[in-house]
Amino acid sequence: MNDQLPVWITLAVLVLGSLGFVGVSSANRRKRSKPHDETRSLDGASTRTGDVLVDGDALGEAVLAPSGDVAPPQTQPTEPQADVPEPTAGRLVRLRDRLARSGSPLGTRLLAVLSRDHLGEDDWDELEETLLLADVGAGPAAELIEALRTQVRVHGVKDAASVRAMLRAELVALVDPDLDRTLHTTPTVHEDGTKTPAVLLVVGVNGTGKTTTVGKLTRVLVAEGSTVVLGAADTFRAAAADQLTTWGARVGVETVRSFKDGADPAAVAFDTVRTARERGVDVVLVDTAGRLQNKAGLMDELGKITRVITKEAPLTEVLLVLDATTGQNGLNQARVFAEVAGVTGIVLTKLDGTAKGGIVVAVQRELGVPVKLVGLGEGPDDLAPFDAEGFVDGLLQA
Ligand SMILES: Nc1nc2c(ncn2[C@@H]2O[C@H](COP(=O)(O)OP(=O)(O)OP(=O)(O)O)[C@@H](O)[C@H]2O)c(=O)[nH]1
């Protein structure tokens, strides 16, 4: 036995040593994983966050209301500021490249016909057809043809440069440079120094690009020096809130959201605006679900969201997001939203994916609301403030 003592001692040391190693290693793992398991919410309350919450496991019980369908909205902590968004000036110039890639653009075809030596009835018909195919709409197309006919009668068709100048002037008039396209994002600062945030509600049919637009617009506002809070009131599609949170986190902006599927979107919207007020934030952007079940349902949902928001702060903009590639079909759906939501501006997305730039004109005419922003791609900074001259130059130079 005594002979074997050193062997036993050596074995005991080895076993204890390896146990010790495992213990330290686990402790380190726990330490490393702690930030994922527990962080502070905007309210300073300790909540568990991270991948687990996104997966929506039993953790929900810790952060959701114990009973009832409506979950209290949660604020999602953000990662350190990572991106520096591009300035917005000059972004519309990209339209030219994007249109050039979309094949047989409107401007090129119009110029080709107008540059012919003697314009006969067939040529005018061809011009009108080109405008209709580009979704300009029957009324505006007829108006433009009439104006061009008058110009040609008075001045004649001369060199390419004057044809282009004539077409440019008439297209700019059609798109209407006098419409007020200001995006109202300025908060109201009161005498006592408190602030009422500007509140922008973003509505539209699903898949048109609402969440992406809110994300891109957040970047624009951050680049301009505003503080922003996002509200994920699209509680219909769980991934929409995750998507929005990611957009915000990339520029250090926080998102108010619920972790319960189908939670009341109005509750999320209300909490977002209240959070923004309490924190003295400049702008609130509220993303909504695009369910167009029926007009009454939509009216109920958007009506309720609007009512609860306005208890905290007036709505400064209701932006209708419209997919430029859906043409007349999209317009019909947009009309329903415009009727129920009191739309103040249009965001025309996916303009990069269509040669039919004429939809800008049709949309403004049909809805009586100006296009304020255009989406020119899927990139984070592919959102441009819209102006008539820049847009027409894009069409004609493509
Ligand atoms: N090419 C292009 N794609 C865009 C543009 N804007 C959005 N998209 C894409 O359109 C798709 C739908 O965008 P979302 O932002 O999820 O649309 P949504 O309206 O929020 O959809 P729901 O949440 O289902 O209502 C995504 O793949 C976006 O990348 C744009 O201007 N150009």
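In case you wondered, yes, glycine gets a Cβ from its N, Cα and C as well.
Per TrEMBL, the feature region 'Disordered' maps to 27-50, 66-88. Annotation source TrEMBL lists compositional bias 'Low complexity' at 72-81. The feature GTP binding site is assigned by TrEMBL to 204-211, 287-291, 349-352. Here TrEMBL flags 370-383 as domain 'SRP54-type proteins GTP-binding'.
Comparing Cβ neighbour counts within 10 Å across the binding-site residues Lys210, Arg291, the minimum falls on Arg291.
With the fewest other C-beta atoms within 10 Å around its C-beta, Gly207 stands out among the binding-site residues Gly204, Gly207. Proximity of the binding-site residues Gly207, Lys210, Thr288, Arg291 to ligand 1, judged by a Cβ distance under 6 angstroms to any of its atoms, singles out Gly207, Lys210 in sequence order. For the recorded site, Thr288 (GTP binding site), the DSSP three-state label reads strand. According to DSSP, Leu351 (GTP binding site) sits within a helical segment. In three-state terms derived from DSSP, Lys210 (GTP binding site) belongs to a helical segment. If you take the C-beta of Thr288 (GTP binding site) and look for same-chain residues 6 or more apart in sequence within under 8 angstroms, you find Leu201, Val202, Val203, Lys210, Ala233, Asp234, Pro265, Glu301, Leu302, Ile305. Annotation note: Gly204 (GTP binding site) sits in a coil segment as assigned by DSSP. Leu351 (GTP binding site) counts 29 other C-beta atoms within 10 Å of its own C-beta, drawing on all protein chains shown. Within the domain 'SRP54-type proteins GTP-binding' (370-383), the DSSP-based counts of helix, strand and coil residues read 0 helix, 6 strand, 8 coil.
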